[in-house]
Amino acid sequence: MESPGLQIPLRDTPTQTPRSSFPSNIVGRLRDNLVFRSKWAELNGAMGDLGTYIPIVLALTLSVDLNLGTTLIFTGIYNIVTGAIYGVPMPVQPMKSIAAVAISNSAEFGVPEIMAAGICTGGILLLLGVTGLMQLVYKLIPLSVVRGIQLSQGLSFAMSAVKYIRKVQDFSKSKSGGGRHWLGLDGLVLAIVCACFIIVVNGSGEEGSEREGDEISLGGRERPGRRGLRRIIASLPSALMVFLLGVVLAFIRRPGVVHDFKFGPSSIEVVRFSKHAWKEGFIKGTIPQLPLSVLNSVIAVCKLSSDLFPGKGFSASSVSVSVGLMNLVGCWFGAMPCCHGAGGLAGQYKFGGRSGGCVALLGLAKLVLGLALGSSLVMVLNQFPVGVLGVLLLFAGIELAMASRDMNTKEDSFVMLLCTAVSITGSSAALGFLCGIAVHLLLKLRNWHKDQPCSTIQCHGIPWESQDP
């Protein structure tokens, strides 16, 4: 009988050195983060963020002479790096509050002030992430308040999208004109057809499509030909097709735009800052942007990502550091201040983005366009049908708002809806956040008081004088 204590090793393990395992693990993880789950779905998902990205970038380029080529190059690099690190379709979006100040007051808030605001915001977020304070904030904020911020942001996107579809837009002045014509290359009919096409292909989302497929497979009553047609329709890259249609229409609207192309990257120069630029950038740009970045770019993104990708957990501190580093690098060279956004993540997920390869592919496209055409690409973007952008933004906003559907108790729904109402009507996520926190604490205090033992004066609602001695 063989003794269990005497076992012959199959391989001499001490001869293996761990030096090669570390780089191989890194390479393997990057490969897993960038792999396409579905080729067409990931490509389609990359279009989900453009409804927010293009209008703001176009408006800043036209109003304050933002260097579009530099912005495309840096945001493309950001997309590739964040996709490789996080392994989810982590978006790279403009900082909306800073952009809004610049567009509405372009004469006094120019490129130096914009970049100073981005650097200050990025520095504060980097500090919050490195010290671990951002992770502490993430753990302390109630879920109902986070859902309120997500719902308000999603509805804000959806309302802006409807405005893009119904009204003629002047992005250089951030103003809406008269009603859009029904017919034409940027008419209401085109936007409605694109919206109907996306609904037919994507339905209400992934869950609905899976449930529908289960019913078909269980019932077995549908003809094989019809079932195959459904699968073909569901596999169409709807957002990509709509976006390519917009590109084609942009060239049709102005065929001479090809002659305006200047091949080669735009010159990248270091921005010169004055004391006035730092002061104006911090007061008018950083202060209103910081609450939105903390809530929507970090807290809401982490929560939404944990909901959509349960196995891809990452800390709020890492996301905060990521946003900080992006702006501390790119803003010195005139690249638009950027952040991550829950709306972009929801939009890319809506259209099929499931891995970091989705945003890495988008980043590669930005990088190529920035190096090949530079700022001359603005001529094409200026002719892109705004109604089509509105359709893409509409579905991204709805997908983000639908994340709030898990509020099952009346108390959580009350806090969420109050936070949403204040955020939308006050146009301030920070104000909505403070009101949501205050109401949440008041409700907790009320419930705590209700759970305390009865007093000697009154017990279980029975007056003292009616009780037996």
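Placement of Cβ uses the backbone N, Cα and C atoms for every residue, glycine included.
If you look up TrEMBL, you'll see 13-22 marked as compositional bias 'Polar residues'.
Summarising the annotation, TrEMBL assigns region 'Disordered' to 1-22.
Summarising the annotation, TrEMBL assigns transmembrane segment to 68-88 (among others).
The transmembrane segment annotation in TrEMBL covers 109-134 (among others).
Residues annotated as transmembrane segment in TrEMBL: 182-201 (among others). Within its own chain, the transmembrane segment (182-201) is flanked in space by residues 165-166, 233-234, 236, 238-239, 241-242, 245, 249, 252-253, 385-388, 390-391, 394-395, which lie at least six positions past its ends and keep a Cβ under 8 Å from the stretch.
Residues annotated as transmembrane segment in TrEMBL: 232-252 (among others).
The annotation transmembrane segment is assigned in TrEMBL to 358-378 (among others).
Within the same chain, residues 47-52, 54-55, 150-151, 153-165, 168-169, 180, 185-188, 190-191, 194-195, 198, 202, 205, 239, 242-243, 245-247, 249-250, 253, 304, 342-347, 349-351 sit at least 6 positions outside the transmembrane segment (384-402) and bring their C-beta atoms closer than 8 Å to a C-beta of that stretch. Residues or ranges marked as transmembrane segment by TrEMBL: 384-402 (among others).
What TrEMBL records for 414-443 (among others) is transmembrane segment.
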Completion exercise
Beyond a gap of at least 6 residues from its ends, the CB atoms lying under 8 Å from the transmembrane segment (358-378) belong to 34, 36, 42-43, 45-46, 49, 58, 61-62, 67-73, 75-80, 82-84, 89-92, 260-266, 348, 352
Handout entry: Remote residues contacting the transmembrane segment (232-252) - C-beta distance under 8 A, at least 6 residues beyond either end
Key = 40-41, 43-48, 50, 185-186, 190, 194, 197-198, 200-203, 209, 258, 351-352, 380-381, 383-385, 388-389, 391-392
